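*Asks:* Have a look at this one before I ask anything.
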Number of protein chains: 2
Amino acid sequence: MFREKNRHATAAMPHTAVPRDAPLAIDTANMYRPAGADGVDAADLAVLADPLARAHQALTERTRAGLESEYACLTLPAHMPAQLPQIWEAAQTIRRFRDVLVVGIGGSSLGAKALYRALKPVFPRPGDPSLHFIENIDPPYLDALLAHLAPETTAVVAISKSGGTIETVGQYLCLREWLEKHLGKARARQRQWLITDPAQGWMRALAAREDIPTLPVPPKVGGRYSVLTTVGLLPLAVAGIDVAALLRGAADNAARCAAADLEQNPALELAALYYLLDIRRGKRISIMMPYVNPLDLFGDWYCQLWAESLGKRREGAEPAGTLPVRALGTVDQHSQLQLYLESRRDKMFTFLTLRHGERGRAVPLPEADRAAFPYLEHRSLGEVLHAEFLATRDVITRAGHPNLTIGLPALDAHVLGQLIDLYQRVTVYAGLLYGVNPLDQPAVEAGKKLAVQYLSERVGGR
Amino acid sequence: MFREKNRHATAAMPHTAVPRDAPLAIDTANMYRPAGADGVDAADLAVLADPLARAHQALTERTRAGLESEYACLTLPAHMPAQLPQIWEAAQTIRRFRDVLVVGIGGSSLGAKALYRALKPVFPRPGDPSLHFIENIDPPYLDALLAHLAPETTAVVAISKSGGTIETVGQYLCLREWLEKHLGKARARQRQWLITDPAQGWMRALAAREDIPTLPVPPKVGGRYSVLTTVGLLPLAVAGIDVAALLRGAADNAARCAAADLEQNPALELAALYYLLDIRRGKRISIMMPYVNPLDLFGDWYCQLWAESLGKRREGAEPAGTLPVRALGTVDQHSQLQLYLESRRDKMFTFLTLRHGERGRAVPLPEADRAAFPYLEHRSLGEVLHAEFLATRDVITRAGHPNLTIGLPALDAHVLGQLIDLYQRVTVYAGLLYGVNPLDQPAVEAGKKLAVQYLSERVGGR
């Protein structure tokens with residue numbers, strides 16, 4: 001049934017023309033038996049018919065109220081376009097600065113960083129600002145950055161949904177002080193933007209007190225689902241990336257996933273497969289492996305989304321959630337492939353590949369080297385990459401590991417919008433199948449409290 | 001016994017003086033019961049007494065012949081200093097170029113990249129060349145790079161132990177052609193260096209034919225163990241990093257690990273713990289989590305070393321090798337911690353932390369904000385980072401997960417040399433305990449052959 005659906009969709013070499021706004025080519029054939037020897041079969045899917053119908057119904061109901069819905073994140077493609085004029089206006093102002101410091105961590109950073117890395121030009125275009133993501137605490141880096149930058153031409157965008165994330169608040173306060181010391185309060189204020197909850201939190205109160213421009217995060221959208229809100233859209237717009245196309249791609253994917261039927265709705269099919277391979281086939285580890293070098297940070301966004309949404313205790317059942325692991329082709333052929341092929345059979349794979357990618361330079365093969373590398377003659381670097389992908393997928397399939405391939409019709413904002421919406425949707429469906437709340441993160445609070453306690457009391461011997 | 005050995009070695013805040021050439025502070029207390037509820041106990045270790053003695057004997061015997069030994073990689077700290085004058089001489093020449101393209105993949109890249117990232121200044125010093133690592137195939141990146149660089153002031157260092165790695169050969173040929181087109185053959189040759197096997201392979205033959213300067217990789221040292229050979233030392237020396245200190249650190253660690261006794265030899269203890277937690281406690285996933293931002297690429301080197309050395313089929317036994325996973329504190333508190341705490345109890349953790357790290361800027365807390373963040377008052381960013389590390393380690397320990405902490409006395413070449421030698425040694429010991437050859441990678445060949453076949457025949461429809 002699904003087995004042949006998209007078979008060989010990605011087998012052609014990547015040098016045909018790029019159709020505009022083409023959909024993702026999702027090839028699930030190797031997730032099923034017999035192609036993937038440890039894959040899912042019809043009986044597994046039959047058992048899941050009712051839970052899948054209920055999951056789809058729940059998702060549909062819980063998105064009906066738009067941005068007020070429980071799953072508001074899935075309605076962003078419909079509702080964020082209305083905010084684009086406001087985002088563009090802020091972005092135009094911020095783009096006048098030479099350096100833009102984007103301060104945020106986790107959900108306030110991983111998505112924008114991954115998309116920026118994938119879509120920015122290799123070298124900045126004239127007029128584009130340099131973006132610096134200030135995420136992790138790294139004192140020497142911050143010191144060097146501030147020694148290197150001119151406050152006059154530097155803007156700060158601080159992002160925290162709650163408005164109180166300790167890493168972000170701490171670093172933002174240091175940046176404010178640096179701006180104020182050099183420029184005075186008033187001019188420092190012209191170089192700050194805050195992205196936070198519209199009604200509550202420290203950042204919101206600060207913005208009101210000091211009249212700092214802000215952009216709101218919809219209250220019902222949590223950090224890891226927020227890349228399609230101002231959290232991701234503002235930094236990306238500042239970088240000159242086409243955020244309208246990003247939302248359009250997400251909307252196109254949402255429309256594609258409206259059907260209740262597994263065969264018509266790829267998000268539902270993927271959720272079912274990832275879930276069944278975990279609970280029925282012992283595939284506890286889910287490896288995300290792009291063969292698209294600029295997607296090397298996409299896995300960071302995906303791993304947060306998946307782990308924090310699904311890695312959860314359940315009453316009377318095994319804990320939910322496969323471990324998401326990021327890899328990168330071809331690099332990890334030289335690093336992880338040995339283990340993938342010979343170690344435990346507890347893994348499944350998701351490949352991302354560029355269907356219509358650049359062929360790149362032809363490998364120039366001197367006469368003397370034709371005997372050594374006959375297969376490189378008249379081949380481009382893009383063809384070498386694609387042959388390595390096909391070969392790796394084949395050896396992984398032959399070893400029995402279930403795997404799926406998402407063929408990207410291009411590496412652009414519309415395509416990545418689809419990919420973002422697809423995985424947010426798959427994650428919510430999977431949460432419903434596991435019976436966990438995909439929106440909370442109850443276990444994380446204990447560590448935050450403990451860190452505060454250590455800072456207050458013990459640490460430093462104060 | 002081991003439980004109290006180094007307990008609290010890393011609990012102090014990181015602002016004491018840095019002792020010169022101090023050893024790693026290895027705190028294994030939480031790997032044992034009862035601290036880590038799922039940890040190892042005395043009975044587990046007792047069973048392992050003979051295998052450990054045999055492993056240590058094997059390692060000792062198989063390193064006795066120096067660079068001709070089976071485990072030649074572990075003798076590099078003793079033998080590479082003799083090659084430093086040759087490496088420095090080449091590095092001095094290469095440093096005169098403005099841009100240096102380091103072409104290599106996997107073992108020919110991950111180690112140098114990780115150390116470069118950890119040890120380079122945040123912004124280049126005057127006179128330092130810019131290093132560009134050309135690892136993965138990424139046609140638009142290569143095109144942009146070559147459009148941006150001046151051939152006159154660019155040098156190429158291509159690295160492949162075998163001399164025939166397809167990604168490296170393909171990209172190196174493109175770079176050669178670019179140099180030759182702009183500068184002619186003779187001047188292009190003055191801008192190339194090859195690092196490869198001293199006797200065989202395509203690169204070696206090319207070097208002989210065209211009189212291209214080369215540096216040798218010791219024949220018995222495989223890619224993933226080669227960061228302390230010319231493979232890592234030349235690029236790092238070009239970057240101005242103190243490679244003599246790197247080797248000295250490795251030698252100091254080697255001396256520390258000379259004892260046959262678990263209590264005296266941290267490499268032997270770590271190998272025993274990682275191994276026992278896998279086979280006796282079901283800890284199949286080993287997470288490497290630095291709380292040192294510039295070590296964010298260290299996990300890539302470690303993951304290759306561990307996975308390719310140990311992820312192997314065994315006759316009549318479960319496959320060997322835990323899955324190595326890289327994480328980063330504090331970022332992954334906001335991403336993976338939820339899953340670590342509530343999902344399956346199949347994980348163990350290795351934390352890296354800076355014992356004497358920079359305190360960094362004090363968080364400037366305005367009067368109005370003291371009520372909101374009383375615990376930030378008079379705290380530095382470094383203290384915030386360290387409190388978060390302590391809190392996360394505590395919640396992970398309370399959840400029962402075994403974990404160990406390696407406290408780095410500083411972030412310098414001597415310390416990272418220790419860390420490199422430690423993990424190479426742990427990996428070899430672990431291979432001996434599992435009964436697999438830690439030096440080969442038999443499963444990887446099939447994919448390489450298949451890629452060549454696809455390039456020759458099918459792909460591209462030629």
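Yeah, the Cβs are placed from backbone N, Cα and C, and that goes for glycine too.
Automatic, uncurated: that is what TrEMBL annotation is.
Pasting the feature list from TrEMBL:
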| type | residues | note |
| --- | --- | --- |
| ACT_SITE | A:GLU308 | active site, proton donor |
| ACT_SITE | A:HIS334 | active site |
| ACT_SITE | A:LYS448 | active site |
*Asks:* At the level of the C-alpha atoms, what whole-angstrom distance separates A:GLU308 (active site, proton donor) and A:LYS448 (active site)?
*Replies:* 15
*Asks:* Return the residue, from the listed active-site residues A:HIS334, A:LYS448, with the maximum count of other C-beta atoms within 10 angstroms of its C-beta.
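*Replies:* The largest 10 Å Cβ neighbour count belongs to A:HIS334.
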*Asks:* A:LYS448 (active site) to A:HIS334 (active site): how many Å between their Cα atoms?
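*Replies:* That separation, Cα to Cα, works out to 38 Å.
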*Asks:* Can you tell me whether DSSP puts A:LYS448 (active site) in helix, strand or coil?
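*Replies:* Going by the DSSP assignment, A:LYS448 (active site) falls within a helical segment, counted as helix.
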